[in-house]
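Below you'll find the structure, written out as structure tokens, and then a few comments.
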Amino acid sequence: MSDALRLDTCLDQIASQLPALTASCRVVEALAGAARQIAHLLARGPLSGDLGAVIGESLDGDGQKALDAITHALVREAVIASGAAAFASEEAAAPEWLDPVGEVAVAVDPLDGSSNIDTLAPVGTIFSILPARHASGADPASPFLQTGRRQLAAGFFIYGPRTALAVTFGNGTRIFTLDPVSGAFLAPAPPATVPAATREYAINGSNLRHWEEPIRDYIVELKQGRNGPRGIDFNTRWLASMVGDAFRILGRGGIYLYPADERQGYEAGRLRLVYEANPIAFLMEQAGASATDGRIPILDLQPAHIHQRCPLVFGSADEVRRVAQAYERAGQPSSPLFRRRSLFRSTSNVAELFA
């Protein structure tokens, strides 16, 4: 489409008008290159080898798939090439310093939804870009122990029927689609806006017996539909791939819930704050949606370590608010989590790219 916004054009304009974001733009451009390679591997399926083969054990004890290792290597190479200062990955036990004069730190989940590799369901790459905060002799984890409000940019690539990028630089959320002919990422539509109301929710309902009371009560109300207190019917959507559910919510609304529960290893939630919850929350808030752990806005949580877990609820603001109210009724107060999306960087025409 001749009138579609090209990602490279968008990044050039942001970098020229807001030099403080130049390093972040370089990272996104480099990650787009890695995403093209990952998309090509996935498109070939078994012709690329047994990408779903278990080749080892991940940090959390799950089986590490072949594609987990491949995507980690590709993304790491891209981040190094971008000139970033530090790199952290779900597939690495500890972060690492890269470039001593780099300006940003990049945290990634190289392959979200790896259980879907062999099923043609969507998988993705999630990233968060933070100020590097150099300090002599500092622990390479230090740049990543900032709240999500400090993110300079964030996004995810999703590999499904098509490859797409959802990205924000703090002034709205844009969705770019990879053109397989030209190799360019193009944005043919306006910035994403998540409707406040919805009738769709995403949660793994098989774990109902393990949930905290506020989540259980909220989901029971939805399941009662028009016969319950809500008076309307809801539909369940669950892809076992957070990027897939997030992409759908950015397009038409909905609420996603991955709460803490009573199972061993799930007491503090399952998703990682730094490189999963924070970037998704940033994207959602910049599209007019909300994200919380049930009590506190995700972007206000202070990480204590790089692989810290947290509960995560995000999506249409009206429904996220209801979850917070459920915690309040249960005597587990939540903090204010609904604020207008920030346009604090929109001092130039950059705002028009995302508005």
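For all residues, glycine too, the Cβ spot is worked out from N, Cα and C.
Annotated Mg(2+) 2 binding in Swiss-Prot involves Asp109, Asp112 plus, out of the candidates Glu267, Glu276, Glu285, Glu319, the residue Glu276. Site annotation (Swiss-Prot): substrate is bound by Asp112, Gly113, Ser114, Ser115, Tyr256, Leu257, Tyr258, and the candidate from Asn204, Asn227 recorded at this site is Asn204. Of the residues proposed, Glu77, Glu90, Glu91, Glu96, the one Swiss-Prot records at the same Mg(2+) 1 site as Asp109, Leu111 is Glu90. Ranked by Cα separation from Asp109 (Mg(2+) 1 binding site), the binding-site residues Asn204, Tyr256, Leu257, Tyr258, Glu276 are led by Glu276.
Distance between Cα atoms for Leu111 (Mg(2+) 1 binding site) and Glu276 (Mg(2+) 2 binding site): 11 Å, as a whole number.
Sequence-distant contacts (6 or more apart, same chain, Cβ under 8 Å) of Gly113 (substrate binding site) comprise Ala121, Pro122, Val123, Gly124, Leu239, Ala240, Ser241, Met242, Val243, Gly244. Distance from the CA of Asp112 (Mg(2+) 2 binding site) to the CA of Tyr258 (substrate binding site) is 14 Å.
Of the listed binding-site residues Glu90, Asp109, Glu276, the Cβ environment within 10 Å is emptiest of other Cβ atoms at Glu90.
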